[in-house]
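Asker: Handing you this structure, nothing more for now.
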Amino acid sequence: MEKWSLMTVTVLLALTVRWAVSLGSYSGAGKPPMYGDYEAQRHWQEITYNLPIRQWYFNTSDNNLLYWGLDYPPLTAYHSFVCAYIAKLINPDWVALHTSRGYESQPHKLFMRTTVFVADLLVYIPAVILYCFSLKETSAKKKASTCALCILLYPGLILIDHGHFQYPLSLGLALWAVLCLSHDWDLLGSMAFCLALNYKQMELYHSLPFFCYLLGKCFKKGLKGKGLVLLAKLAGTVLVSFAACWLPFGTDVEQIMQVLRRLFPIDRGLFEACMFSSPTHCPDKVANVWCSLSVLIKIKNVISPRTQLKLSFAVTFLSLLPACIKLTVQPSLRGFKFALVSCALSFFLFSFQVHEKSILLVSVPVCLIINEIPFMATWFLLVSTFSLLPLLLKDELLLPYAVTTPAFLAVCLASFSILEKTSAEDLQLKAFSLSLKGYVSWFKSFPRIVRSLFLLSLALMGALSVLSAAAPPPQRLPDLFPLAVALVSCLHFLLFLLYFNVVILWDSKNRGQKKIS
């Protein structure tokens, strides 16, 4: 009973923070003609409710794809339809075709915010709670609630979902998939992940670890016996899940192709945000390699979109290959969770058409290992939130950012004593350090060096946050601060990618995990 009391307090605190953040501004508030992501979600409700399914993804006189056209998979559209149905019952003006464009009112804002709260309460938060209770390392009552508190207070997700405006459904479904796999419910886990992927195509960031882990389990069981049966069941589950999601579009090949063209806009190029693209206009900055390199090399100007696609695919594939091979050969739940982090980070840094919000696809898997490497997980989650700063400033979310980020750090310091867990063993680097014994003498002072780098990183992020919010940029360099945030974040992410891959490749704990039979 006590453990549920602690967890109830944790959830109530997390909901209070979400409610407080939701009171502020949202993406594109009062900024015509395009407004922002809030209007995009409202517009999708308008389209899905008023138009037949065959027109949802096509450009027509009633559906101008240049104005927030649907560019997510069918489950997003179905979810928009359900929300629109409820909205129509409350106030038909909210989803009236054409005339509701840019609709803004306090009752409508309350309705939209409530839909995000409901998605959080029904999907994301229960998955986090059950995941924390399932951790063997956090079997103690207090440990489970503190782990859940840290995850639920991660500011990046709160600020984007309840501030900027976004639904946590795809990440919540992915969490349910991880939870199912941790209990060996492989078919349910596969179905949950298929639903996540059919809600947002960015869940491809997590697809290879799911594939490699389950394929590795099949290999371990033997492809001439139980492994082959499991493989057939998994394949059937995936096919049935996709067929159910795409059924309304499956009668027409052109419908399917149009949806795919909307989901994967290859012709847009590597990214839509170019550094210093204009002296007067500053597109959103993304803390990945291609946007950072564009400061020196205008990649979009010298390489065709098709070549950009091939280049990003090759670099992304090579960067995630070691982790995927290790996971396939030695499948373990621990290795699976670390591979989710590593592969998602590779996608964020090197893949095609990355949005700054996509860092959340890395952050949520990092949350899953915060109990194992609290110091590095906390550090990464702080950097990921910092990388969103230009977007948060644009949405007038400076105050929520300034409050939730230090609060999250304080909770992690109190819950895990992270500054005391910087040894090579605490950071899962003992095997790696032993392999370098005799070659690297500074490993003895490793904890002190890591703590110093952490404090330096915090100081740098704090200084850039203050400058971005309060100081006017030089007239000749109007994008200086957003660019600095992107470059500093990208450098951190590259080092984190190296770190996570070292942990994965030198992992010696898999042998202690439950054998797959």
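Heads up, the Cβ atoms here are built off N, Cα and C, so glycines get one too.
Dumping what TrEMBL says about this protein:
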type     : residues : note
SIGNAL   : 1-22     : signal peptide
TRANSMEM : 110-133  : transmembrane segment
TRANSMEM : 145-167  : transmembrane segment
TRANSMEM : 173-197  : transmembrane segment
TRANSMEM : 227-249  : transmembrane segment
TRANSMEM : 335-352  : transmembrane segment
TRANSMEM : 359-386  : transmembrane segment
TRANSMEM : 398-419  : transmembrane segment
TRANSMEM : 453-471  : transmembrane segment
TRANSMEM : 483-506  : transmembrane segment
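Walk me through the surroundings of each of these features.
Answerer: Long-range contacts of the signal peptide (1-22) within its own chain (CB-CB distance under 8 A, at least 6 residues past either end) are made by residues 113, 116-117, 120-121, 125, 129, 133, 141-142, 144-145, 148-149, 152-153, 158-159, 161-163, 397, 400, 404, 407.
Counting residues 6+ beyond its ends, the transmembrane segment (110-133) has Cβ neighbours under 8 Å at 3, 7, 11, 14-15, 18-19, 22, 38, 41-42, 83, 86-87, 90, 94, 144-145, 147-148, 151-152, 161-162, 165-169, 171-173, 175-176, 178-179, 182, 367-368 in the same chain.
For the transmembrane segment (173-197), same-chain residues at least 6 beyond its ends with a Cβ under 8 Å from one of its own Cβ atoms are 73, 75, 123-124, 127-128, 130-131, 134, 203-204, 206-207, 210, 213-214, 217, 230, 233-234, 237-238, 241-242, 245, 333, 336-337, 340, 364, 368.
Away from its own ends, the transmembrane segment (335-352) comes close to residues 178, 181, 204-206, 208-209, 212-213, 266, 270, 288-290, 308-309, 312-313, 315-316, 319-320, 323-324, 326-327, 358-359, 361-362, 365-366, 368-369, 490, 493-494, 496-497, 500-501, 503-504, 507, 510 of its chain (Cβ-Cβ under 8 Å, at least six residues beyond either end).
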Asker: Which stretch from 145-167, 227-249, 359-386, 398-419, 453-471 shares the most C-beta pairs under 8 Å with the transmembrane segment (483-506)?
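Answerer: Looking at each of 145-167, 227-249, 359-386, 398-419, 453-471 in turn, the most contacts to the transmembrane segment (483-506) are made by 359-386.
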Asker: What same-chain residues lie close to the transmembrane segment (453-471): Cβ under 8 Å, and 6 or more beyond its ends?
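Answerer: Distant contacts of the transmembrane segment (453-471): 375, 379, 382-383, 386, 389-390, 393, 398, 401-402, 409, 419, 422, 481-482, 484-485, 488, 492.
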Asker: May I ask for the residues of the chain that lie six or more residues beyond the transmembrane segment (398-419) and have a Cβ under 8 Å from a Cβ within it?
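Answerer: Distal contacts: 17, 20-21, 24, 146-147, 149-150, 153-155, 158-159, 163, 370-371, 374-375, 378, 381-382, 385-386, 389, 392, 451, 454, 458, 465, 469.
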